[in-house]
Amino acid sequence: MSRNYFGTDGIRGRANGLITPELALKVGQAAGLLFQRGEHRHRVVIGKDTRLSGYMIEYAMVAGFTSVGMDVLLVGPMPTPAVAMLTKSMRADLGVMISASHNLFEDNGIKLFGPQGFKLSDDVEKQIEQLLDESLDKKLAQSASLGRARRIDGVHDRYIEFAKRTLPRDLSLDGLRVVVDCANGAAYKVVPEALWELGADVISIGVEPDGFNINKECGSTSPEALCRKVREMRADIGIALDGDADRVILVDERGHIVDGDQLLAVIAQSWKEDGRLSRPGIVATVMSNLGLERFLQGQGLELVRTPVGDRYVLERMLADGYNLGGEQSGHIILSDYATTGDGFVAALQVLATVQKLRRPVSEVCHKFDPLPQILKNVRYRSGKPLDTDAVKSAIDTGQKRLNGHGRLLVRSSGTEPVIRVMGEGDDRNLVEEVVDDIVTAVGNAAAAA
């Protein structure tokens, strides 16, 4: 069965476009029916980020869940990993994060977590999709069995304590000046507070959400403001989170960006030296730079690749027993601590390494020289541009031109109508020519559809 609603990271789209109150209500009903197992009172934890449409979707989902007899615990703006953690710790049957992650405020989305705090599998999402296409009127709860909803206090402190416990008890961030950019998103309260409690000198930006400014010229997808602030304040490090704080990008004291691949390299090397890697390797996606793979090989570590999407990284980690994985975009999964990507906890692991080594971030966090990597996006309205003969021919020609001295990846986005064309290799000019040829072919195919 084709997937009409779920992408690689839940359901995501334009608020009041794809993501309507009607859809949110139906998702609440469908997921609520599917996760009511056993005779106990069933409940769901719902969190959100700071975008304006969060109110609309939150209340619609409350109506959906309570209409099928589930109690709802509302935690308000909280990081996605915090919602996953709370779902498990509060013994809920289900967790929901209302967020479109790094997208601007016009979009929103629905991420679902099972009772152990893990994102739902493809099979479970397909079951929910089947229910979305059915009439559920006859499956609603009786009047006396409707669910209740209430807001929960103290959840911020729970997450702060959880994050702090991922560091050694005797480790302090005293002496570190940290600029943190919370993207005017879900982490705007908890992360600055946690850093302060750990002893850092904290300078916060992106902590004034108004419903419209989430991810707007700030956060991990737009770290330029953070780079400037780090240099201006002569800070030791900058931390950029995205709107729901499940991804992170760092900035060194010189204002240079440290992406997810470099973070994986730092943590992998540190954990190997401390004997903390459960297996001699890590898991990343097909988008991770070949430079990371070569660095890990030099450390005696393997890089296992998966399709794009942190859920696929985690699935491979769990299946094969790895405890470190992530994406170039900054989703870092530390399965010893969390069930999903946690940008803040990942940043703390790097800060711990910096404190242990007592060296500048620029020396600690740039582990390898990345190969030239070029990524271009082509939007399309309809059809399947990748299935055309012209595009297939362009890809085949590009592979032959790289001739084993680089990589080529052409794929459809799982969250928006975009074809992503990525090439990397030792010869930047050749890579750029190959990528441009494929982009032209995809653009022509999209225009003809």
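Don't overthink the numbers, they just go from 1 along the chain as shown.
Note that Cβ sites are derived from N, Cα and C of the backbone, with glycine treated the same way.
According to DSSP, S101 (active site, phosphoserine intermediate) is assigned to coil rather than to any helix or strand. What Swiss-Prot records for S101 is active site, phosphoserine intermediate.
As annotated by Swiss-Prot, Mg(2+) binding site applies to S101, D242, D244, D246. Under DSSP, D244 (Mg(2+) binding site) is assigned to coil, being neither helix nor strand in the three-state scheme.
Per Swiss-Prot, phosphoserine is recorded for S101, and the stated evidence type is sequence analysis. Proximity of S101 (active site, phosphoserine intermediate) to non-local residues of its own chain (separation of 6 or more, Cβ distance below 8 Å) is seen for D9, R12, T80, G109, D242, G243, D244, D246, R247, given in sequence order.
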Listed in sequence order, residues not in S101, D242, D244, D246 with Cβ within 8 Å of the centre of the Mg(2+) site Cβ atoms:
D49, P79, T80, S99, H102, G185, A186, L241, G243, A245, R247, G343
Looking only at Cβ atoms, how many others are within 10 Å of the one on D244 (Mg(2+) binding site)?
36
I'd like the Cβ neighbour count for D242 (Mg(2+) binding site), meaning other Cβ atoms within 10 Å of its Cβ, all protein chains included.
34
